[in-house]
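Novice: Quick one: structure below, then a few questions.
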Amino acid sequence: MGTNADTEKDARRDVHSLTRGELTELLAGLGQPGFRAKQVEEWVWSKNARSWDEMTNLPKALREQLAERLTLGAVEEVARQASSDGSRKYLLRLSDGVCVECVGMPSGSRLAVCASTQAGCAMGCAFCATGGAGLTRSLTDAEIYEQVMHVRDDFGERVTSVVLMGQGEPFMNYDATLAALRRLNSPEGAGIGARHLTVSTCGVIPQIMRFANEPEQFTLAVSLHSAVQKTRNALMPGVRKYSLVNLYNAMGEYVDKTGRRPTYEYALIGGVNDTDAELQALCDFCEGTLAHVNLIQLNEVEGSKLRPSTPARAEDFVRRLASVGVEATVRNSRGADIDAACGQLKQRVERGR
Ligand code: SF4
């Protein structure tokens, strides 16, 4: 049975959802000087404080007043897996009980984070564990941001790059995605350079065009996975209505407008998109354009018939693409010994329950 205390708790707003103006107004109402808002924001966004008591440069009485009025977000770690290659995958519970996944991938002095923009996903990609379960809801900008900070605090290291390639299609949650990127980029947030912040989309064309007009130098990755319409329709039914021809033209406009080189993600699936005809179509799609192709070794999803291509085949792709002037890399599959593909850890935990 819910108590009064529960009801009051539910009525509190999350401090992450306040604009600077709202926070300043609230603090002024508590008789506080103007500089307090900046202090509170620094604790919340840059330091990722987990309790009001940590905010030691605020008067104790004020901390108590804030705790009565506001919650501090706080994603909660439900499960984690650590890979022998150093990467860690987390299942995080949000304030309403919904769970999302994110991954931290260290490499030398760098720490990359892959974060989710939605809980579940409506796009239904054939090779994806998340796609099979449908969309639960979109995340707020703070919920996207907090995943990155959770990883930062767990590793105790600065995050040097973020890719929004976890669960969800970022461009189906455009405004929150952009707000999260801006906060990650801001010196008053995580302070990560815009070029090191990447959005990965299935190819939602109207939002690609919108993204091209944003002032920041954020990076764009497009999940291509096949340059043959029929194959792509089967692998990625959620973007069936955006044809490859239109995607090609949109990407041309994107490059003209931004001067930035997009990445095409291509998960190599044995016998499906790694045939000679598929390779030729990929070369045709990329030749003469500004593009980089990331060839990904598919993570096997339990219950799926899709299998990874051989490493030798991946090398064939690199060579052929190079012969038409397109740079391609075979991406090391990080966390191959854990459930690193999006949705896999969540599935496993839910099955365990
Ligand atoms: S691959 Fe990404 S866009 Fe496709 S279903 Fe999975 S989460 Fe959604």
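Including glycine, each Cβ sits where the backbone N, Cα and C put it.
Whatever TrEMBL says is automated annotation, not expert-curated.
Just lifted these from TrEMBL, have a look:
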ACT_SITE  E101  active site, proton acceptor
ACT_SITE  C342  active site, S-methylcysteine intermediate
BINDING   C121, C125, C128  [4Fe-4S] cluster binding site
BINDING   G168, E169, S200, S223, L224, H225, N299  S-adenosyl-L-methionine binding site
DOMAIN    107-337  domain 'Radical SAM core'
Novice: What is the separation, in Å, between the Cα atoms of E169 (S-adenosyl-L-methionine binding site) and C125 ([4Fe-4S] cluster binding site)?
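Specialist: That separation, Cα to Cα, works out to 11 Å.
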Novice: Distance between G168 (S-adenosyl-L-methionine binding site) and C121 ([4Fe-4S] cluster binding site) at the Cα atoms, whole Å?
Specialist: 5
Novice: Helix, strand or coil by DSSP: which one applies to G168 (S-adenosyl-L-methionine binding site)?
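Specialist: Reduced to three states, the DSSP call for G168 (S-adenosyl-L-methionine binding site) is coil.
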Novice: Report the binding-site residues (C121, C125, C128, E169, N299) that meet this criterion: Cβ distance to the nearest atom of ligand 1 under 6 Å. Use sequence order and write none if nothing qualifies.
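Specialist: Cβ < 6 Å from ligand 1, in sequence order: C121, C125, C128, E169.
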Novice: For the binding-site residues listed here (S200, S223, N299), tell me which residue's CB has the most neighbouring CB atoms inside 10 Å.
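Specialist: Within the set of binding-site residues, the most crowded position is S223.
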Novice: Checking the spread of the S-adenosyl-L-methionine site as listed (G168, E169, S200, S223, L224, H225, N299): what is the longest Cα-Cα distance, in whole Å?
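Specialist: Between the outermost Cα atoms of G168, E169, S200, S223, L224, H225, N299, the distance is 19 Å.
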Novice: So how many other Cβ atoms are close to H225 (S-adenosyl-L-methionine binding site), meaning within 10 Å of its Cβ?
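Specialist: Around the Cβ of H225 (S-adenosyl-L-methionine binding site), 26 other Cβ atoms lie within 10 Å.
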Novice: What is the one among the binding-site residues C125, C128, L224 whose Cβ has the most other Cβ atoms less than or equal to 10 Å away?
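Specialist: When each Cβ's neighbours within 10 Å are tallied, L224 tops the list.
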Novice: What is the Cβ neighbour count of the residue listed as 'active site, proton acceptor' at a 10 Å cut-off, with all protein chains included?
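Specialist: 29, counting other Cβ atoms within 10 Å of the residue listed as 'active site, proton acceptor'.
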Novice: Of the recorded positions listed here (E101, S200, H225, N299), which is spatially closest to C125 ([4Fe-4S] cluster binding site) when Cα positions are compared?
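Specialist: Nearest candidate: H225.
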Novice: What is the Cβ neighbour count of G168 (S-adenosyl-L-methionine binding site) at a 10 Å cut-off, with all protein chains included?
Specialist: 29
Novice: Just to verify a number: CA distance, N299 (S-adenosyl-L-methionine binding site) to C121 ([4Fe-4S] cluster binding site), in angstrom, no decimals.
Specialist: 18
